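**Student:** So TrEMBL lists the following for this protein:
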{"type": "ACT_SITE", "residues": "His169", "note": "active site"}
{"type": "ACT_SITE", "residues": "Cys211", "note": "active site, nucleophile"}
{"type": "DOMAIN", "residues": "374-470", "note": "domain 'Legumain prodomain'"}
{"type": "SIGNAL", "residues": "1-29", "note": "signal peptide"}
Amino acid sequence: MMIRSRYSALAFFILTFSIIAVCDKLSDGGDFIRLPSEARRFFDGDDVGTRWAILLAGSNGYWNYRHQADVCHAYQVLKRGGLKDENIVVFMYDDIANNEENPRRGIIVNSPHGEDVYNGVPKDYVGEHVTVDNFFAVLLGNKTAVKGGSGKVVESGPNDHIFIYYSDHGGPGVLGMPTSPYLYANDLINVLKKKHASGTYNNLVFYLEACESGSIFEGLLPEGLNIYATTAANAEESSWGTYCPGDSPSSTPDEYGTCLADLYSVAWMEDSDAHNLRTETLRQQYQLVKKRTAAGNSYYGSHVMQYGDLKQSLDTLYMYMGTNPANDNFTLLSDNFLWPSSKAVNQRDADLLHFWYKFSKAPEGSTRKFESQQQLTEAMTHRTHVDNNIKLIGKLLFGIERGPKVLNNVRPAGEPLVDDWNCLKSLVRKFETYCGSLSQYGMKHMRSIANICNAGVNVQQMAEASSQACTSFPSNPWSSLHRGFSA
Ligand SMILES: *[C@@H]1O[C@H](CO)[C@@H](O)[C@H](O)[C@H]1NC(C)=O
Ligand SMILES: *[C@@H]1O[C@H](CO)[C@@H](O)[C@H](O)[C@H]1NC(C)=O
């Protein structure tokens, strides 16, 4: 008995010793039989190649303050985690910090009493250079394809880890951009496949905040690309802004008049801010973020989803985000932090909330009062126009009874939104030609247009129905096509 336990202790000692030796050899980069990846991951967390990140805010306008605030905050998380600026590519329109509506000029916050997150953020692609084409070129590491901006691209190698975080409005199958056209899910998936085929990463993680963000990956992102994605919402629901004005006492100061953050986004970032990321896995963060974003049984909240190679969620966050040395003593389990209570607002209503705040606080008879009233009216007019005309087109194409059924149909989970993406794009263009821009709000109707495609309607039929439904369109900035077509 004694002898046996002594033997096993010795065996244990030898085993431990050999593992240490293996780790030493590995970190020396010497020739050595490599451990299976899981074991290597456990014993040698530093062996992750270079960490790269793309952070993209897809909106502009002060009423969309929160998307750029999210992206700035994400930069601070990664910077503190030890990523270098040369490896972080930031896309943001950059019209928030110095916006005349911003009560704290030059500063962006992502929570009511949060610190400035704008300081130090690299302005790689700003203004008109925040485009789908530049995003794709940057991800593919194609310098010659980039137009404008810093020219920084993800020049990753086979051992590297890539983290992509995107925050914006979206709709079924699309993500917004401050410029047109919007980003279509199938194009994104094709670029991810191309990146994988080029052998220039080990693993990639994609965090996505947008309405109906699940539809970007649902039935589209295959396994085997070494990509793990989580989304703020499933394929058929809104995602939510948070830290909005009108919060119960003391939270978001009314002076901002706009939501400061998004629910899913602050859930992952406030978690990453506070913990030793060496000890937390992507899966643990997913579960935590899912719980916070679902918001209990309240009237708001959305279903956080995961897609792609789910076993990759056993990776530590450290492999993608690094870790802030100041958090070394805060592991996920040791820390029992409370979520601040806060009012959440549907992404699609956050602009109305801003205009309403602006209106209600402006002095009676002022230009500001008039201006904000006009903005509110124009935004409402645009909504009514788009909603009514999509409905009418459905009825013209399929009849009064069947129209709404076809338009509102939701395909079973696991199926992509549409079979023919080129059909979707060309029908969107036909709609916009006759009815004006879909705009941020109108993106919600992408499912209806996709269903029109799925029902076999062709471009000619769509053109006829659109021209009948829309004899003209409002000239306000939401409906007009001054920014070009969405597709
Ligand atoms: C990079 O982009 C340019 C311009 O769009 C294109 O001609 C070229 O084929 C691309 N290179 C690679 C390696 O994809
Ligand atoms: C973590 O705790 C140890 C032991 O109490 C202490 O020496 C160390 O300074 C702490 N690290 C940080 C970053 O607070």
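Backbone N, Cα and C define each Cβ position, glycine as well.
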**Student:** Could you give the Cα-Cα distance between the residue listed as 'active site' and Cys211 (active site, nucleophile), in whole Å?
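**Tutor:** Roughly 6 Å, rounded to the nearest whole number.
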**Student:** Roughly where does the domain 'Legumain prodomain' (374-470) sit in mean pLDDT, to the nearest integer?
**Tutor:** 97
**Student:** How many other Cβ atoms are found within 10 Å of the Cβ atom of Cys211 (active site, nucleophile), counting all protein chains shown?
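**Tutor:** Excluding its own Cβ, Cys211 (active site, nucleophile) sees 28 Cβ atoms within 10 Å.
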**Student:** Within 10 angstroms of the C-beta of the residue listed as 'active site', what count of other C-beta atoms is obtained when all protein chains are considered?
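**Tutor:** Result for the residue listed as 'active site': 28 other Cβ atoms within 10 Å.
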